[in-house]
Amino acid sequence: MRLRHIQIGLWIMAGLAALAYGALILRPQMNAQTQEATFRPAFSLPDGAGQLRTTADFAGKFQLVFFGFTNCPDVCLTTLSEVAQVMDDLGDAAEMVQPIFISIDPERDRKLGIDGFTQAFHPAILGLAGDIGGTQAAAESFRIFFEREDAPNAAGGYTMSHSSALYLISPKGDWLRQYDYGTPATEILSDLNTRL
């Protein structure tokens, strides 16, 4: 009888130890999810007309944000084409989504005409090209990287290396997710439709 009580006591202690261990393991993951949910990227950059635009301008709308440059040979063109397709396929719901292209090569892109570049894909895509300080601040806020690289065969003798994901921001300004490069428009559209 006494042995039976000892066994029950040991099982209870083992169960409590397992619960305590689980709490220690899961707590950092829960904190990481909470931090991610409160992650609010921001930008303050001029559009093609020189008007300063900020994340607050688009409160109440979902934002599809992409960092790139007009001389990008492939990634930017593909991603903006996918965004254009999404905007077309959204129909009337497109009013709830603001696609934004942030130039990581702002000096050259302002000269080339950021509006002409974005409008060639879709009239709803807003192009932003500020100074390098504002661009760097926006990139850090979105947690993306970009850098200039020498490339003798490229226009101007250089190209830009950069993060290639498309970012979805909520109407309240929270980071929701990223769509990795190559995510088809149909998948982006399906995800957006569940949120609209």
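Glycine is treated like the rest: Cβ placed from N, Cα and C.
Record features (TrEMBL):
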BINDING   Cys72, Cys76, His162  Cu cation binding site
DISULFID  Cys72-Cys76  disulfide bond
DOMAIN    34-196  domain 'Thioredoxin'
Give, as a single whole number between 0 and 100, the mean pLDDT over the domain 'Thioredoxin' (34-196). 95
Could you name the residues, excluding Cys72, Cys76, His162, of the same chain that surround the Cu cation site, i.e. Cβ within 8 Å of the Cβ centre of those residues, in sequence order? Phe67, Gly68, Phe69, Val75, Thr79, Ile104, Met160, Ser164
Would you identify the secondary structure of His162 (Cu cation binding site) according to DSSP, in three states? strand
Once near-sequence residues are set aside, which residues in the chain of Cys72 (Cu cation binding site), 6 or more away, have Cβ atoms under 8 Å from its Cβ? Thr159, Met160
What number of additional C-beta atoms lies within 10 angstroms of the C-beta atom of Cys76 (Cu cation binding site)? 24
My understanding is the cutoff is Cβ-Cβ under 8 Å with a sequence separation of 6 or more in the same chain; which residues meet that for His162 (Cu cation binding site)? Phe67, Gly68, Phe69, Val75, Ile104, Ile144, Phe145, Phe146, Glu147
